[in-house]
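What TrEMBL lists as GTP binding site is ARG13, ARG63, THR94, LYS155, ARG255, ILE256, ARG257. Annotation source TrEMBL lists [4Fe-4S] cluster 1 binding site at CYS20, CYS24, CYS27. As annotated by TrEMBL, S-adenosyl-L-methionine binding site applies to TYR26, GLY67, SER118, MET189. For CYS250, CYS253, CYS267, the entry in TrEMBL reads [4Fe-4S] cluster 2 binding site. Summarising the annotation, TrEMBL assigns domain 'Radical SAM core' to 4-226.
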Amino acid sequence: MLDEEGREINYLRISVTDLCNLRCRYCIPEEGILKKCHSDILSVEEIEQIVKVSSKLGVKKVRLTGGEPLVRKGIVELVKKISNIQGINEVALTTNGTLLKKYAKSLKEAGLKRVNISIDTLQEKKYEYITKGGKLQDVLDGIKAAKESGLSPLKFNVVLIKGFNDDEIENFVNLTLENEVDIRFIELMPIGENGDWAQRHFIPNTIVLDKNPDLIPVASKDKSAPAKHYKLPGAKGRVGLINPISSHFCSSCNRIRLTADGKVKPCLHSNEEIDIRSTLRQGGNVLPILTKAIKVKPKQHHMNEEDYTPIAREMVQIGG
Ligand code: SAM
């Protein structure tokens, strides 16, 4: 379906839980987040129903995220159900990778096409620091399992954080020389209570090009992909730059979001949320709600304006 700006909305990102087994400093506030009642969270069947209706509006791709989607009970069953919905061509998942060793094979068998794995550093101690206790080895084991299960091509999300991982940019870029992977650098966005922290630790992605002058721009097949792609000469993999702040991509945004507690978000960076859970639970028709969410999708976000106030909901409750 086209929104008011003429953008074709065909991508639904679903946060399946706001729980996470890591505590990334930029994603989860210091004091944590209030745990929701089980009954506030959409069930597997409710999510399936919303995806079915979305597919009638032209949604073709679904990404499961969180929180950490792999801590959600029934995640494999959910992937299977969504993969079987007519009109859904691709089910993908964004994960911190720590539980992939356990789930990669069954997710692939259930119909999952691809995974994006978040990994902000290649150093054990720094990984433990930024995630407040995570073990890098768990992610590395997860990556191996994902490769062996055929969840490819693998994409890695690296959030650039000033003074934390800007000294590892070349190491990440060099991984693309021998590996058929995408390393995607993401600009740190001010969201929720950590908004100030994010503003202080922001570095524009142009630093990746400054540090790697050999990178050559390559055309992306998917025009609505948020990443601009580059390659090192002779490299097997690609480098992606996702620049929501220094060069936003709102004019080609093709997505809406569904939170774990049943709100549709037309834009990640707007406080506007439309409740879909109560209509669903009262047996009502959710098609008009999804239609409205697409209609009211803002033209663009305002993150790069001086007086911008970060949205209230935390990233862990929306699903990056
Ligand atoms: N737990 C999963 C993971 O770690 O990938 C999925 C949820 S996480 C919120 C999704 C993505 O959002 C991750 O790549 C994470 O690094 C990114 N992210 C979280 N907070 C962010 C922020 N403030 N700015 C940019 N990216 C952020």
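In case you wondered, yes, glycine gets a Cβ from its N, Cα and C as well.
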Problem set entry | List of residues, in chain order, with Cβ under 8 A from that of CYS267 ([4Fe-4S] cluster 2 binding site) and at least 6 apart | CYS253, LYS297, PRO298, HIS301
Seminar exercise, completed: Whole-number Å distance separating the Cα atoms of CYS250 ([4Fe-4S] cluster 2 binding site) and CYS24 ([4Fe-4S] cluster 1 binding site) is 26
Problem set entry | In sequence order, the binding-site residues (THR94, SER118, MET189, ARG255) whose C-alpha falls within 10 A of CYS20 ([4Fe-4S] cluster 1 binding site) | none
Problem set entry | Closest of ARG13, ILE256, ARG257 to SER118 (S-adenosyl-L-methionine binding site), Cα positions, binding-site residues only | ARG13
For this session: Quick one: average pLDDT across the domain 'Radical SAM core' (4-226), no decimals.
Result: 96
For this session: Tell me which binding-site residues (CYS27, ARG63, LYS155, ARG255, CYS267) have a Cβ under 6 A from ligand 1; sequence order is fine.
Result: CYS27
Exercise. Can you name the residues of this chain that are 6 or more positions from THR94 (GTP binding site) yet have a C-beta less than 8 Å from its C-beta?
Worked result: ARG63, LEU64, THR65, PRO69, VAL115, ASN116, SER118, ASN157, GLY319, GLY320
Exercise. If you measure from the Cα of ARG257 (GTP binding site), which of the binding-site residues TYR26, CYS27, GLY67, MET189 is the nearest?
Worked result: GLY67
Seminar exercise, completed: Here the binding-site residues are LYS155, ARG255, ILE256, and the Cα closest to that of CYS24 ([4Fe-4S] cluster 1 binding site) is found at LYS155
For this session: Let me know how many other Cβ atoms fall within 10 Å of the Cβ of MET189 (S-adenosyl-L-methionine binding site).
Result: 24
Exercise. When DSSP states are folded down to helix, strand and coil, where does TYR26 (S-adenosyl-L-methionine binding site) land?
Worked result: coil
Exercise. For TYR26 (S-adenosyl-L-methionine binding site), what is the tally of other C-beta atoms lying within 10 angstroms of its C-beta?
Worked result: 20
Exercise. If you take the centroid of the Cβ atoms of CYS20, CYS24, CYS27, the listed [4Fe-4S] cluster 1 site, which other residues of that chain have their Cβ within 8 Å of it?
Worked result: LEU22, ARG23, TYR26, ILE28, GLU68, ASN96, THR131, MET315, VAL316
Problem set entry | For ILE256 (GTP binding site), the three-state class that DSSP assigns | strand
Exercise. Max Cα-Cα distance in Å among TYR26, GLY67, SER118, MET189, the residues listed as binding S-adenosyl-L-methionine?
Worked result: 17
